[in-house]
Number of protein chains: 2
Amino acid sequence: MGEFELIRNFFAAAPCAQVGEGVALGIGDDCALLDVPFGEQLAISTDTLVAGVHFADPCDPFLLGQRSLAVAASDLAAMGATPLAFTLALTLPAVEADWLEAFARGLNLMAQGCGLRLIGGDTTRGPLCLTLTVFGRVPRGQALTRSAARPGDLLCVGGELGNAAGALPLVLGQRSATPAIAEPLLAHYWSPQPQLALGQALRGKASSALDISDGLLADCGHIALASKVRLLIENDRIPVSLALQEFLGDADAQQAALSGGDDYVLAFTLAAVELPTLLADGWPIHVIGRVVEGQGVGLLDVHGQDITPTIRGYQHFRSE
Amino acid sequence: MGEFELIRNFFAAAPCAQVGEGVALGIGDDCALLDVPFGEQLAISTDTLVAGVHFADPCDPFLLGQRSLAVAASDLAAMGATPLAFTLALTLPAVEADWLEAFARGLNLMAQGCGLRLIGGDTTRGPLCLTLTVFGRVPRGQALTRSAARPGDLLCVGGELGNAAGALPLVLGQRSATPAIAEPLLAHYWSPQPQLALGQALRGKASSALDISDGLLADCGHIALASKVRLLIENDRIPVSLALQEFLGDADAQQAALSGGDDYVLAFTLAAVELPTLLADGWPIHVIGRVVEGQGVGLLDVHGQDITPTIRGYQHFRSE
């Protein structure tokens, strides 16, 4: 048995790889088999992370395992899907037991937190690179797409923005900060919490949704394009954390919230009538703007003046 | 729009990326959506190919596109699944229009031949590497696994073995051959034909199945282990092509058929009573041995003497 076959067995023994609800056949055969309940559809998303491009190399393998799966699972949240399973394609330059053990621990922790079971994948030798494909289920016709925002809808986000972009100089070792500032920012970067429950709560309520990975302005542009509408964002309503403001100052914190990537917070549109019940249920929803006829994205100051930046979102660490 | 986003749009415009039966939502949202008919299960398999490990670098991008998808689709054949869709995670060192166009052409040709639709993926910058995840559907409980071979069953393969291993010195430029020899061998290597129709015909008939990717002996070992039985192979019944015999000589051709990888021909077990109908229907089935009680794999000569090689299959190009 080759060392890469040993790795496959190692992952197959992970708690998150045990067969359970929805998984008829897991790791070890030519294919895995999933059961999709009658009346539901299967949601599928694939993400690749390359060492030195999407994460620093070397980096902490536990945090990498955790973050990789969170990034992938966030796409299920954005569709309102209930997590089911995932596959892992892991390319490694060499087999290091400590590295693998820590990576698998981080992966397993996030998998169990999200309710995702490892059902297969591939392990190969080569430059460090991961591709995760995640599977969820969603009642037929209720998936949250990007293409049905309507003029008159409110534009909302599910939490504070810019923390991951703010953490980047800390991750890269370019700056330092007190623990009170560094810890929440780094936690957001390394262990983003995919908003799976919020996504499911928005089924049948939100008219469009996505997870913010390219930055608020760029991602709102995706909704505007797909829905053939214009999104207006009120600059002073964008939620920003105290840690980010203290670390970057107000202006740069605002810039990070507008253009920084890797937030993995949901952005969505809904009719105003849907809002009271969702807020009463305690969902963390911030109204930051509205949908109007037209195209593209506009940024408004507190007086309603258009201050849309002419620059595109800066090319951040995760742009390609 | 970045150049990698342009590539995504380029693939989204490919004929194989058009939404059709079973695909409710294709490329362009956070997730794709698949419909799985009532009473069926979803079969899923993931394969990674790394440049310089699983294929020579540089290599012909058209042939790479074609071969990558064939390798992945072969796992659907091995489960008896009907092809549905696939995702492509493509990591590229740089964007070269000619390379991409040729790769997409090869991929598209194989996708349309197999009935697979491109529903999503990721395109990233980094060392050349591909991960394909394929999806098929199979009636609940009828998937062909590795674990139900029974003593008394016949052991069969779906075609000639060893051609891809024989092609390897030609692929690597280590040897040359006349066109009459080189062409069939190279065709088998670069454009393996996943035995999808045969796999579906074996549903409800074969007791176990897989596709031969690691070599006949190694892969029969996988069935033996999963089914807790022993597989006996009659050496002189293994089908080998004339081109391979002429190129390598009888002894090395036999060795390539036993231990060479990348054949992507089905190996399966079935009760003898199932054979006549399948042969009458014209399926290319070669009986090469039988299942007995015990464990592991035995190789028998024409006199029934055990000649099981003590060496393991050599470490071929695609071993990890």
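Each Cβ is built from the backbone N, Cα and C atoms, and glycine gets one as well.
Residues A:D30, A:D75 are given by TrEMBL as Mg(2+) 4 binders; from A:S45, A:S68, that same site also lists A:S45.
Between the C-alpha atoms of A:D211 (Mg(2+) 3 binding site) and A:D122 (Mg(2+) 1 binding site), the distance comes to 27 Å. Considering only the residues assigned to ATP binding, A:G121, A:D122, A:R146, A:S213, the longest pairwise Cα distance works out to 31 Å. Neighbour count (other Cβ atoms within 10 Å of the Cβ, all protein chains): 22 for A:D47 (Mg(2+) 1 binding site). The separation of A:D262 (substrate binding site) from A:S213 (ATP binding site), Cα to Cα, is 4 Å. Annotated pair A:D75 (Mg(2+) 3 binding site) and A:H54 (substrate binding site), C-alpha to C-alpha distance, rounded: 17 Å. The Cβ of A:R146 (ATP binding site) lies under 8 Å from the Cβ of A:S208, A:A209, A:L210, A:H222, A:I223, A:A226, A:S227, each on the same chain and at least six residues away in sequence. Of the listed binding-site residues, namely A:D75, A:D122, A:D211, the sparsest Cβ surroundings within 10 Å are found at A:D122.
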